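Written out below as structure tokens is the structure these notes cover.
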């Protein structure tokens, strides 16, 4: 009897020791997660404030900032293309072609600012890159050509639409009362433009979509959205759509543009679908590459592509909506 009691006490002591060791092991993990969260918040706020100032400045400041981001993003894209996960099934483009394409992508926003159109430039760049690939030593591969052309489109052509949206739509947003005083106080123009207001609404809507999708997925997420990104759920996606549209409506009331409720809702829906499509596209590329992040440039956030994937397609969609489909353009 005494032996049994002794064994039970010994087992209890061992179990207590195991639990204490587990708690001790979990403490460093919790501290690491807290440290990563602090980094994420600090750098996120810094990026948000910087981007806000750049968007308000517009012009060459906005374009130079975008060109720098495009260059880094293009380098990250071609690094992903050259990763083991993707090269196992295809031949990547040569390094010199990747570097040239990264430079071409960075020049595209600048050409857009000063010439307004980049169609001819993109066509010429695609021709030069195609010739370089086809005339290289060895056996050229279609995978090299397709991945390079997609890089020009994804990393250069699409981001250039943000320059068209911010700097190209220069008609004054006459109903936006906030523009009557703020730019003057900052030493800027006497009114806000359609492009500035559209940019602010688009960027804010995308931020709201990401935030509400994350919170909704954490709280209600049950049904996976797609195998491309296993953490995304239908519940989080629907919550993100609601947050995106609500933000678009609220800001349209503040800026008095667009003045139509239907237009504000449609603009929010369009921004959301551009955001989710861009996010899933980058997730697909990273999944094929077998990596979690596109880079490590931003502590706690990964690479440039990890932060701007939601914006890549949205600029083109927002510009097309405002310029072509929005009946209240210029009001």
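Including glycine, each Cβ sits where the backbone N, Cα and C put it.
Note that TrEMBL annotation is computational and uncurated.
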Discussion item. If I go by TrEMBL, the feature transmembrane segment sits on one of 192-215, 216-239. Which?
Written reply: 192-215
Fill in: Feature transmembrane segment in TrEMBL, mapped to one of the ranges 41-74, 75-108
41-74
Worksheet item: If you check TrEMBL, which stretch out of 142-162, 163-183 is marked transmembrane segment?
Response: 142-162
Worksheet, complete the sentence: TrEMBL feature transmembrane segment, matched against 241-260, 261-280, 281-300, maps to 261-280
Worksheet item: Quick one: do the transmembrane segment (142-162) and the transmembrane segment (261-280) reach 3+ CB pairs under 8 Å, ignoring pairs fewer than 6 apart in sequence?
Response: no
Item to complete: Could you tell me whether the transmembrane segment (114-135) and the transmembrane segment (192-215) have 3+ CB pairs under 8 A, leaving out pairs under 6 positions apart?
Response: no
